[in-house]
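Per TrEMBL, these features apply:
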SIGNAL    1-21  signal peptide
TRANSMEM  56-76  transmembrane segment
TRANSMEM  136-153  transmembrane segment
TRANSMEM  159-185  transmembrane segment
TRANSMEM  197-220  transmembrane segment
TRANSMEM  248-270  transmembrane segment
TRANSMEM  277-294  transmembrane segment
TRANSMEM  300-317  transmembrane segment
TRANSMEM  329-354  transmembrane segment
Amino acid sequence: MDWLLVLCSLVHLFMCPFTKVEESFNLQAIHDILYHQTDIQEFDHLEFPGVVPRTFLGPIVVSVIAAPFVAVSRVLGFPKDVSLYLVRFALGALVLWPLIKLQKRIKGTLGKGTSDWFVLITVSQFHFLFYLSRPLPNTMALPLVLFAYYYWLGQQHGKFIACSAAAILIFRGELAILLGLILLGELLARRLSLSKTLFIAVPSGLLCLFLTVFVDSFFWQRLLWPEGEVLWYNVVLNKSGDWGTSPFLWYFYSAIPRAMGTSLALLPVGMFFERRVWPVVLPALFFVLAYSFLPHKELRFIIYVIPLLNIAAAAACNRLWENRTKGKWFALLALVAIGHLVANLVLTSFLLVVSRANYPGGEALFLLHKMESRESNVTVHIDVLAAQTGISRFGQLHNNWIYDKTENLKPGSPELRMFSHLIVEAKSKHAYNLRPYAETHEIVAHIEGFSHIRSSYNHFPPIRIKTKPCLFILKNKDLPKEPDFSFMLRKQPVEAAEESLPPAAEYDNRIQLDGEVLLNENSTDIPELNENSIDE
């Protein structure tokens, strides 16, 4: 059933090819490695370093895998944005490889039935496959985490410890809680000795630490340990709350139910019928509980636990399916197991359609390339919302065009009048920030983004996804003969150049659905849809 995982991950990739702001560092880094190689001064992160530094080791690995395919694409004359698909497919393959190995390990430990149900449940859910090919910091750590699970279930403790050390020290420090709990369980069960643990963990940790410091200090042009700075920012300084906070139990009542869908109802059933899944599920739940103490919460922060929880749900489905011939009630329960997959697929389809409407920036730049010829002398300014919702260097197709993301320019300022085109955030063509361009620019297109959900009993399905204008493409009618772009040479200081989500106080007119930036002027809860975004 490996093909099913590959096929469904490709559906997610092609339905939502653009990326969002949280993915920008890794995506831009991959682009720069592929197109600029060692010319560090051309790298995007030196101009837009973000709030905290991230490691280049993940982007380097993805770039090495994607490089041959990108080279062939360039030789064949394909547009540059094809490379975006190739890069995301390479990352998806990196995650699918250990996921498929984990599925085979489940087959060896819990049986073929549980293994098959594990695949069916995973592909029926939205979030895991949606994130699987997205260049988030969490996704970069995911292959190592899945390999760690694979070696753990196979009692290959040395490789488990090595993968855990790499995942924690290079990519995501919070994984020390999850993988540490698993290691603690092995120590308490006397399947692993403390001396062997230290014998493997110490050199593995030192090697990983040396590798990330050596490589990342070169790319960042200063001595640093990226994940160490991230931990200091989030844990010691506790600054993560500046980007929005959620209630303590949010992961349990919102994130996990959305990630698992109706499979969540089968989690306790699996733990009841199959006691062998307890050591798999408990570390995942305790990790989520411990991670809940951090005020800023996003579903992607706990994406690693979904495969472990799905193992228990798969064990439940397998038991219900095996007992289907024992009577009518058992047959009915078997139908429940199948029906929950259908319910998951309906929910996944809905979320996929909503997510597709969450990248107006990518759509706007794509549309601009269709409207203007390659040879035209286009200079385009990209505002913050457009840059956060789909625009990346992979979308900058023409070398003779100028693409600019300079921030803090006032509407109608002399600097903005130097551009032939503007991609501007606005709610309508009569918006206040478009008034300065009434005489000098014409609106050539607008792009709509997700607005809200509306129930409509006159249609099938009865739920309608509503969109509204959010970005406008303006064309300059009075372009200066010799535009002055010297202001673009003024680099932002490191502490001010934040290509990340704005503080929660400045973000109250937007919400997130599964990490996707959505537009909703009534929203008060950043991480998810709330009752104010649904019309009845």
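In case you wondered, yes, glycine gets a Cβ from its N, Cα and C as well.
Three or more CB pairs closer than 8 A are found between the transmembrane segment (159-185) and the transmembrane segment (277-294), so contact between the two stretches is assigned (pairs 6 or more residues apart). Here the transmembrane segment (329-354) has Cβ contacts under 8 Å with residues 11-12, 15-16, 117, 120-121, 124-126, 130, 261-263, 265-266, 316-317, 320-321, 323, 450, 453, 463, 465, 513-514, 516, 518 of the same chain, all six or more residues outside its ends.
The list of residues near the transmembrane segment (136-153) in space but at least 6 beyond its ends in sequence, with Cβ under 8 angstroms from a Cβ of it, reads 22-23, 25-26, 54-55, 58-59, 91, 94-95, 97-99, 101-102, 105-106, 109, 159-160, 163-164, 166-167, 170-172, 175, 178-179, 182, 186, 280, 300-301, 303-304, 307-308, 515.
The transmembrane segment (197-220) makes contact with the transmembrane segment (56-76), as judged by at least three Cβ pairs under 8 Å among residues 6 or more apart in sequence. Long-range contacts of the transmembrane segment (56-76) within the same chain, counting only residues at least 6 positions beyond its ends with a Cβ under 8 Å from a Cβ of the stretch, are 26, 29-30, 33-34, 82-83, 86-87, 89-91, 93-94, 135, 137, 140-141, 170-171, 211-212, 215-216, 219.
Long-range neighbours of the transmembrane segment (248-270) within the same chain, counting only residues 6 or more positions beyond its ends whose Cβ lies under 8 Å from a Cβ of the stretch, are 121, 124-128, 277, 281, 288, 291-293, 297-299, 302-303, 305-306, 309-317, 319-320, 337, 340, 343-344, 347-348, 514, 527-528.
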